[in-house]
Amino acid sequence: MTLKTALASATILAACMFGSASAADMTVGFSQIGSESGWRAAETTLTKQQAESRGIDLKFADAQQKQENQIKAIRSFIAQGVDAILVAPVVATGWDDVLTEAKDAEIPVVLLDRTVDASEDLYLTAVTSDLVHEGNVAGKWLVDTVAGKPCNVVELQGTTGSSPAIDRKKGFEQALSGNDNLKIVRSQTGDFTRTKGKEVMESFLKAENGGKDICALYAHNDDMAVGAIQAIKEAGLKPGTDILVVSIDAVPDIFQAMAAGEANATVELTPNMAGPAFDALAAYKKDGTVPPKWIQTESKLYTQKDDPMKVYEEKKGLGY
Amino acid sequence: MNALKSHLLRLAPQIVVLIAVVLLISLAFPDFLTLQMQNGRIYGSLIDVLNRGAPVALLAIGMTIVIATRGIDLSVGAVMAICGAVAAASITSGHSLVYTLALALAVGMLCGLWNGILVAVLDIQPIIATLVLMVAGRGIAQLITEGAILTFNHPGLIFIGSGSFLGLPMPVVIWLAFGVAITLLVRRTALGMLVEALGINRRASTLSGVSTGVLLIAAYILSGLCAAIAGVIAAADIKGADANNAGLWLELDAILAVVVGGNSLLGGRFSIAASLLGAMIIQAINTGILLSGFPPEFNLIIKAAIIVLILVVQSPRVRDLSAWFGRSGSREAAVKQEAK
Amino acid sequence: MQGNDDIILSATGIEKVFPGAKALNNVNFQLRRGEVHALLGENGAGKSTLVKCITGAYRRDGGKLVLDGADIDPRDTFEAQRLGIGTVYQEVNLLPNLTVAENLFLGRQPRRFGLVDAAEMNRRAKALLSGYALDIDVRAELSSCSVAVQQVVAIARAVDLSGKVLILDEPTASLDAHEVEMLFAIVRRLKSQGLGVIFITHFLEQVYAICDRITVLRNGQLVGTRDAAALPRRELIAMMLGRELGEEIKQAGNAQAAEGAVRYRFRGYGRKGHIEPFDLEVRKGEVVGIAGLLGSGRTETAEILFGAQKADSGTAEVDGKSVEISSPRTAIRHRFGFCPEDRKTDGIIGDLSVRENIVLALQARRGWARPIPRAEQDRLADRYITALDIRTSDREKPIRLLSGGNQQKAILARWLATNPEFLILDEPTRGIDVGAHAEIIRLIESLCEQGMSLIVISSELDELVAYSRRVIVLRDRAHVSELVGEEVTTSHIVEAIAVADKHEAGQ
């Protein structure tokens, strides 16, 4: 027992003595919001996987939706003297003090997935997706797919007033503007849930001549699309053929639907925010390369041509 | 004969309101009343109302009994999530449909037993006692699904959510059958009267030899069972258990259904049929809003306005007032009714 | 005698009517300057109604109130307070989370530049309380003081606000002997300052310890006002329980002791803090009366016999077989029935119909799975509505709409429907009109003739005497005496209560 401890101490000592230039020796603290959604769980899984593949020692702290827990976790990371800190901030405000503490301790902080209202020099960079851009990609795909034919679109919005709902609607409308053949005929909230997605789609189908007048469905997330696909099937129509289905997030279940020909396209909100973050950190540690203040993740478009079953198998294990 | 007449009299306000709401929607959206056969099942907005209202209708059955005992059950939404998760977890790990359903319903009744013991044995106020499970329950459901939507493809289980029987969607068949069964159970036995006695005056009932403790626990178990059935239906409907969202806020809709059904939150006299009508009124409003094409920002305001209107019209003050304005005819009728 | 100007408060011909009952009927009451005047009576006698009419909590329906020579008609307690009448209740109605000083000056804090002048307030509070020989930190929260100190603070506030009449409503109920003495010292001091004090209590020793005069009410009527020194305890009890001494109506009938077999035997039966262990035997066809003053353990005896409170000592036997009565349900299984004293909270199920109230106990005994058919329910309800002459427009009327006497008869019907063999009636004639009164007494007698065993608790002594073969007298939560056959007379009962009382006082 004592021998083991001694050996371990010796290893740590050695590591300290030889210094740390490569990412392989980094210790990174990660303060995660919690596990409120499948996407969040996948982000956690991927962050751990990315750290492991790079040989990074990841210290993980789950804040259970509380900012005070995140601040505590960051302070404890500072006290432990980690090399860098990743934070997925639960709210936008109230970070100045703790970020200043990190800066004073010369520990770079990278924001994941969301940004904060604080001075830009308090963090190294923020890795996030562009919500407006996601809507835009979905809209472009639809414009290209219908290729000038007239098309009535119904929209399933996210929770009324939430920023993904506002931005994804905005981006989609931007992509459609100037294409008079495409018209959003109905738009209603489905609260990002399958149940409401299905219920609202049922009412769209009734309201639009049993669905015969609908050419495409745009859902702000895949879960609502999955619910809506069931409603379309139960109404005796073929989703993916009679009604085109495009949505955002790229969760595993939508790939199953795409494989079955029931969904047409999805735009990925990648849960791999940590990969780009680790890359930026490694470069910064190696030769002081300062990354841009905002690293935008790729909003990748998946269609039925992209071997959806394969993607499904890849994504299945991530904890979605 | 007389009993039937007094029953209809009791349900009259809810029937009138439901008809009014349906007419109002069909004014704005004439196709609302259209029904047609499609793939061997009846298809149309009215069926959607019955179908989408299934969870709240089921919850309202148990909630009516619990409220009649002068209690309240805030945990039903969370119990729905738990039971949906249990059903999904059980069926995906290869258990039979019968085993899965039995397990989910048993878990729901266990949740009810827990609430009942807190209320009847430990004498904790129902609103506090059931708040415990309301908060903790969703966490338990998330533990079962591990935070994700737990999907399944078992055709038997899915049938419960989206199959049909005699042309009606299964959820409709289930809540109608369960509602009739529970109504018969409480009205053909002495349970209904004993529950009402307990809700009006627990001490006097105990002194008259009513097993008030056992009855209270049974009421909460029934509520748990209703939540379990609703939870299984909600999960089967989307072929997956969504621990975060299944049954979210439905306890409030269930309480609202009971109130719109004209049942007093102070316990005592109750009518399950009236609560079920209340649930359908609420769902008709929901579906009507979706069909209306208003921007979603208005959903809650419209719903709130209509419900306030219904409650105002049902309030005793306004009834007195309208009787007063109606003077000769209706006032006499009101007085006569009072005298009865 | 003293002149008229010695009277500080005079109430003449006070009337108060509640729906279905006359709570006060032509009551006269006079309070002198510098006297402590006890207001006595059993539950429902009208003491608190009279006090509430005086303090403006109720508006009186008739009569005249004169305070300090001027007619008054307070609309609420605040107005009465301003006029000079202060009240202190058993449960101190101050704010426990404020300081002593804040409580004393609530609503009239000394102000300086528009703000509360705390220093001045504390100084004045200290001065005020020193008049009561109370030296405490006036900045402490009231809840940190003992109940007795809170009581004194309440008195100080009431006297400081009002200053003419002080009403003490059961102020000593939760105090120990030492604290009572402290309170009495204060009352004597206030008396010497010329205040008129009305003292409501049911501790007779305390009445004699501090009061100058005594007024007794019964059934909303004035029985009389007497000087305490000239009123023997026995006579006082007789006034309260409604029998003039020496007057005997009851004769024969039940004078012979019961000859039936003992059916119910309780030995060493009791429950700590409720009722001392007692022995009790009840024969077939016998009425055992229970007498005693309020708080003597009458209701506790009934509840323990019926299992509403579980006995923690003793044994129970029915027909020689040992039984355990652990709940009302087990009692009902042995064919017990119980009409509780408080009809509203313990008896009726207000929103249910007369029919449902009548069949309730029978239905509960049969169990939920064996409902009584509706036709049978109707038959039962109609039978008892006719037999007991329950006045209701029909059997489906909610019972809360019936008068007190008819509610009581419906509760009796509820038990009769179960065919009980042992019926416990706690104050069956309280608060009901004279006609119903007589009917219930006749009913008790006829039940007894049919062979039922009954225990009847009543504070109406002539009633008890009329139907009881034996009377058990209670005092201080213990069974102290038993009168049998010839001994059962009102004067004997009064004597037994008074003797027991003296015995206690002598200890």
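Every residue, even glycine, has its Cβ placed from backbone N, Cα and C.
Per TrEMBL, transmembrane segment is recorded for B:7-29, B:49-67, B:74-91, B:97-120, B:127-145, B:157-186, B:207-236, B:248-266, B:273-294, B:300-318.
When each of the listed stretches B:7-29, B:127-145, B:157-186 is scored by C-beta pairs under 8 angstroms to the transmembrane segment (B:300-318), B:7-29 comes out highest. Listed as Cβ neighbours of the transmembrane segment (B:273-294) (distance under 8 Å, sequence separation of 6 or more from its ends, same chain) are residues 7, 10-11, 14-15, 17-18, 21-22, 24-25, 28-29, 32, 45, 48-50, 52-53, 56-57, 60-61, 63-64, 175, 179, 183, 253-254, 256-263, 302-303, 306-307, 310.
Counting Cβ pairs under 8 Å to the transmembrane segment (B:127-145), the top-ranked stretch among B:7-29, B:74-91, B:97-120, B:157-186, B:207-236 is B:74-91.
Between the transmembrane segment (B:74-91) and the transmembrane segment (B:7-29), the number of CB pairs under 8 angstroms, six or more residues apart, is fewer than three, so the stretches are not in contact. Across the candidate stretches B:97-120, B:157-186, B:207-236, B:248-266, the maximum count of CB pairs under 8 A to the transmembrane segment (B:7-29) is reached by B:248-266.
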